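Worksheet: the structure to be examined is printed underneath.
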């Protein structure tokens, strides 16, 4: 982990980082007071306990980087946890020296970003004590709180792969897709009604133009002020992970809804071509690009998470904190992330189905309802595959087949495939030749 914010990414890709880095907890107490701090360890070394059991004394040796035994008394460190500074030599060298001195635990204080304490494969078996990194500023704070007499315990509490954030993310996706599709269909219905009533109300419209224009401007001004305020607040506090994710999700929902309302696919043929190409795009950037990048991370993930050395990330995802990871949140909030594309792309088909229901005067909205159900099932399958495989999944690989096949089956069963395929370009041949639209 090259940064402390461990993010579970859903592009959909609930991304579990493909390295042996784990956040854990350093529990410090002096008998009457206790406090916990974030540490980073590598479970290829001696694994940490999952429970808070017996603690050991912490020995402050931050005056040394422990690359040799110079100035270190074995009697002072035997059976205790050492706190040394990072630098000058490998983690494995520090660990071997601490182990030979009789220490039970090695904590390495770092002034820079916490990284995975790693070594050669042959060195892991030689080291029998836990090794972890902590922030140097955290250790200084602990000294101020507890003084030099401190008892410490390293532990890594377990957390479930299944988290309530999955349900929240599913709810956000479903609500956005349903609202976007319904809005698109409602707009089509209003356009049709406006066209049929145009002649009747033309003079009324002229006479009330000034009043309507004034009211519309006031509403637009108020709405614009609210929207701009939300965007400005997000821009200023975008790195405040504790609460800013709510505003980012609101902005994301608004963006997706507007996109689905503005971009209209005119027929099912275009839907099939576009969504099929985007499956290839999604699979390539999630599964194939890791073979071409230096760090083995897909380009899609890098775009979603941002550069490791920077806290800045592109606002192109929905974010929901993992509710079951309270202990690990000491190291930074953990998030489940859903890419906008996993809502918008299937949402364009849902919107088309909603408009088609209007064109054929379907009171039950059969196409819209069936496509929404298919999207829900596709999302559930994506989550299940992600949890079972333990790796990120391109959601479109599941969402697109579910929605396309379901829509096609409904059209075929109703005998409307020709109209559904041609969309607004389909014309009814008869006494009156007019478009479905």
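Glycine residues also receive a Cβ, built from the backbone N, Cα and C atoms like all the rest.
Any TrEMBL annotation is an automated prediction that lacks curation.
Listed ranges 294-317, 366-389; the one TrEMBL annotates as transmembrane segment is 366-389. Listed ranges 186-204, 395-413; the one TrEMBL annotates as transmembrane segment is 395-413.
Checking TrEMBL for transmembrane segment across the ranges 136-152, 221-237 points to 221-237. By the count of Cβ pairs under 8 Å, the stretch nearest in packing to the transmembrane segment (333-354) among 164-184, 366-389, 395-413 is 164-184. Long-range contacts of the transmembrane segment (272-292) within its own chain (CB-CB distance under 8 A, at least 6 residues past either end) are made by residues 11, 13, 265, 298-301, 341, 345-346, 348-349, 392-397, 400, 403-404. As a quick check, the transmembrane segment (366-389) and the transmembrane segment (395-413) clear the bar of 3 or more Cβ pairs under 8 A, pairs 6 or more apart, so the two touch. Between the transmembrane segment (221-237) and the stretches 164-184, 243-260, 395-413, it is 243-260 that has the most C-beta pairs under 8 angstroms.
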